[in-house]
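To start, the structure itself, in structure tokens.
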Amino acid sequence: LLFDTITTPKIIAKYWFGDGNISFSGCLFQLFCVHSLGSVDSFILMLMAADRYIAILQPLRYFAIITKKLTTIFCSCFWVLGVVIVSVMTYMILKLPFCGPNNITGCFCSSSVIFPLACTDVTYVRQVSLIFALSVLLIPLAFIILSYALIVLTIHSMLHSDNWQKPFYTCTTHLLVICLYYIPRVFMYLANYVRLLFNADINVLILYMYTFLPHLA
């Protein structure tokens, strides 16, 4: 809800009313919110994978392990971690000199559309941003893959029983969200790093796939 609230009004203003302008400070604020909320998305998907893991492998101890206090602690830590990481990246971008052009190719401000506007070498900042981004994406993704590998092994051992369908269907929605979120996002980060250029409409389409569709699912 927060992510969509930050981005959707300006997208509607741009495509419905032709108002595609945004101030520099507004763009930096949107960039900070987009990346920090995207980081929290990744951490929450990891937390959901842990929840599925415990629900399937330790069903009788689930409510003893997954308590409100533990969930609150983890969620708070993820919010703080996301904000701290993106604050460093946003500060580095803020220090870059921008002398034009001032047209971005996306439908909201993100690091990938801001870097081409700088009038200096942004290789170092781009590399640091990529390391932050891939850490936020790939570390949770590695945990998710490991947890689901153990879940699959558990479900496989239950194939002889009549209850194996329930844990399988418990995971399908989460797996769909994971695919919609991670695959296009990692692809776009790597494509931007190697300067692989796409048509503007294709950029927007891929961007929608990993930002808005997971929230709908």
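Keep in mind that glycine also has a Cβ here, set from the backbone N, Cα and C atoms.
If you look up TrEMBL, you'll see 1-217 marked as domain 'G-protein coupled receptors family 1 profile'.
Using a Cβ-Cβ cut-off under 8 Å and counting only residues 6 or more beyond its ends in the same chain, the transmembrane segment (28-49) has close neighbours at 2-3, 6-7, 10, 22, 71, 74-75, 78-79, 81-83, 85-87, 89-90, 93-94, 108-111, 114, 133, 136-137, 140-141, 143-144, 147-148, 174, 177-178, 181-182, 185, 211, 214. As annotated by TrEMBL, transmembrane segment applies to 28-49 (among others).
Same-chain neighbours of the transmembrane segment (70-94): 28, 31-32, 35-37, 39-40, 43-44, 47, 111, 114-115, 125, 128-129, 132, 135-136, counting only residues six or more beyond its ends whose CB sits under 8 Å from a CB of the stretch. Residues or ranges marked as transmembrane segment by TrEMBL: 70-94 (among others).
Per TrEMBL, the feature transmembrane segment maps to 100-118 (among others). Counting only same-chain residues 6+ beyond the ends of the transmembrane segment (100-118), those with a CB under 8 A from a CB of the stretch are 6-7, 10-11, 14-15, 22, 27-28, 30-31, 34-35, 89, 93, 125-126, 129, 133, 188-189, 192, 200, 203-204, 207.
Here TrEMBL flags 130-155 (among others) as transmembrane segment. Sequence-distant contacts of the transmembrane segment (130-155), counting only residues of its own chain at least 6 positions beyond either end whose CB sits under 8 Å from a CB of the stretch, comprise 35, 38-39, 42-43, 45-46, 49-50, 52-53, 56-57, 82, 85-86, 88-89, 111, 164, 167-168, 171, 175, 178, 182, 185-186, 189, 193.
Here TrEMBL flags 167-184 (among others) as transmembrane segment.
For 196-213 (among others), the entry in TrEMBL reads transmembrane segment.
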